[in-house]
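Participant: First the structure, which I've put down as structure tokens, then a few questions once you've had a look.
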Amino acid sequence: MSFYNHKEIEPKWQGYWAEHHTFKTGTDASKPKFYALDMFPYPSGAGLHVGHPEGYTATDILSRYKRAQGYNVLHPMGWDAFGLPAEQYAMDTGNDPAEFTAENIANFKRQINALGFSYDWDREVNTTDPNYYKWTQWIFTKLYEKGLAYEAEVPVNWVEELGTAIANEEVLPDGTSERGGYPVVRKPMRQWMLKITAYAERLLNDLDELDWSESIKDMQRNWIGKSTGANVTFKVKGTDKEFTVFTTRPDTLFGATFTVLAPEHELVDAITSSEQAEAVADYKHQASLKSDLVRTDLAKEKTGVWTGAYAINPVNGKEMPIWIADYVLASYGTGAVMAVPAHDQRDWEFAKQFDLPIVEVLEGGNVEEAAYTEDGLHVNSDFLDGLNKEDAIAKIVAYLEEKGCGQEKVTYRLRDWLFSRQRYWGEPIPIIHWEDGTSTAVPETELPLVLPVTKDIRPSGTGESPLANLTDWLEVTREDGVKGRRETNTMPQWAGSSWYYLRYIDPHNTEKLADEDLLKQWLPVDIYVGGAEHAVLHLLYARFWHKFLYDLGVVPTKEPFQKLFNQGMILGTSYRDHRGALVTTDKVEKRDGSFFHVETGEELEQAPAKMSKSLKNVVNPDDVVEQYGADTLRVYEMFMGPLDASIAWSEEGLEGSRKFLDRVYRLITSKEILAENNGALDKAYNETVKAVTEQIESLKFNTAIAQLMVFVNAANKEDKLYIDYAKGFIQLIAPFAPHLAEELWQTVAETGESISYVAWPTWDESKLVEDEIEIVVQIKGKVRAKLMVAKDLSREELQEIALADEKVKAEIDGKEIVKVISVPNKLVNIVVK
């Protein structure tokens, strides 16, 4: 057989690995550790697509490489299995979401195993397993005990069709829900919040210690959004009311000519005049129908309504009209802003639209034409005139503090985490509300609080979750006869994924979240690979919970993930007609290298696009494995380009990777293997070992594979292959194409053992040195020959070799040699006449 028979070889080795528990996590405490973590998937009904294995293959290469280097390797997989899609499916079909989820997990697991990943399945976790979410609930009770989990009446993004509130991040720019595209309205509801803001400074500062890309760190820094400035208190004219504004530029107070409150601000109704009441009420209603993203869009037309009230500017006593406008959010800052239209473009546009005064307080621009947003010396600012920004801020803050109408303040863009969902398919929040007005956490001895099985998982209609319909579960009575009601909100999908990497370390522990000694052994995670779409929320939430657990003494490290890597996206192919309209792939045929619409015959333009069901361009890994084999898929996805690049899927590239593996198979099975080294491949082999080792370490898998190809080309030029080089090469390719490597290993090693723990090959630095070098031979300054000669020959030896060359002899035949100039390792120049 002169080709790699993947249909026979791959299932054979997958069966071997499963039977022998080949990838069981090592426990030898004398060995170094390596913890390689994938972002665990949500097991959807669609199964894996070819984008999933890209990151999984990367961590698998590292895991196999580290095992061969003698590390204990923890390389686990599990399921982020709570969430809306399963619940939506259950409501649509009447089936139990647990059954749907179990079927999907079985399918995902089958697909993952078919790709030959070296997971330790003894450590599999599932966020919907009560033995797992017992500890999710335990973490919540600890947060509650420390005052970091609390209830609040907050405006939420309510989606009537989904029957739940959703997070800001789940609202699309057009004001509809990410899931389903339903209308989103703002309405106040009782919600559970987690006080992530208490950790804002630590979440910000500790980023500096992490081996993450600067772009991801910057996204987190921007999300946390630290601002230093001042709180300024404004009194409302003719009342005893006042409100506070946070500003990063208190030095521009003399230019503040009006103030703007969020429509939801608590003062609005109290200060609105009777003449303006109807307009204000109407505006508040309109604002409630818009998402925060829509409201704060810089490009949208400015809208607002005057309340009829005035604020008093604390530095000059001037009256400032108080407006409401939807671009101010109640959830951000204090829900109120002081408007300085001369030096803020949004305020300037608002002032122009509603004919409000514009007062310049920083020199350098023409504020009649546009807001001047650069720095300049202060003008029209009384005791700040002539000062620069830093000096003016210091002086105005001192003035405000002395007068009792302001103080220095640090704020964060980060808001507390809205932690409740009005859905069934999530972890029950372990809290009981008693009729005497108190609330208590469910005792640890009664955890897990198990999600009751029910077919009635429609939204309750009251804004509560479907759990409110289950009175047997809902209603409880204390020993003293006091009646209570369980919390009906469930946790968001983020909960189970905020700590799963800890449970992998000790997944069967019934006494605690995980054993302290094991946590010390394995933390932090050495490398975490996943999509950049989780750059902010999941990573921020996991870091928050980890820091909280660190404060409790549960985990030994301040940070969970030492190194983070975001793989790129594998794009599909799209086709467009002359109008630019997309054509689904089932309506496209290929002829003579071009693409045509099967119905109209029109030639189409091909371009990369995100894989989607609607375009029918999703590639299923099952089909690839069936036709080409898992090792081909693995090698192709790693060879496509840099791991962090987004690259289009190519059938031709897949075929190229398959041909390479066939060449590898033929090289080892057809070439004569020698016990003695003839030295012919010394340099090529040692270069390959060094390059592949270094490139795996730096996650440059595409260049590592390119180097393996270089070696195959070099080896194919030789008649025979040295046994140690054959073995070493098989070890080098094993992390990329493990099934092929296992099969070939059996042909060169007599042990019958798996290649998985055979020591990684080393290289001989002395064999990397060039022992030959190319020199040029010039005659009268023109290059006439290029010769390969031994390195470091003397001038005399070089001259002798050059003059003996047949080509050179022909050139100088019949001519007199005047002089020969030899430069070792470079050239020989012959002067003739």
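Quick reminder: no glycine exception, Cβ is built from N, Cα and C everywhere.
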Participant: Motif ''HIGH' region' per Swiss-Prot sits at which of 41-52, 125-136, 221-232?
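Facilitator: Based on what Swiss-Prot states, motif ''HIGH' region' spans 41-52.
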Participant: For the motif ''HIGH' region' (41-52), find every same-chain residue at least 6 residues outside the stretch whose CB is under 8 Å from a CB in it, and list them.
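Facilitator: Same-chain contacts beyond the flanks: 79-81, 83, 85, 89, 100-101, 104-105, 107-108, 111-112, 493, 569-570, 611, 613, 618-622, 624, 633, 637, 649.
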Participant: Count the Cβ atoms, other than its own, that fall within 10 Å of the Cβ of Lys613 (ATP binding site), considering every protein chain shown.
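Facilitator: Result for Lys613 (ATP binding site): 9 other Cβ atoms within 10 Å.
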Participant: Please report the DSSP secondary structure of Lys613 (ATP binding site), reduced to three states.
Facilitator: coil
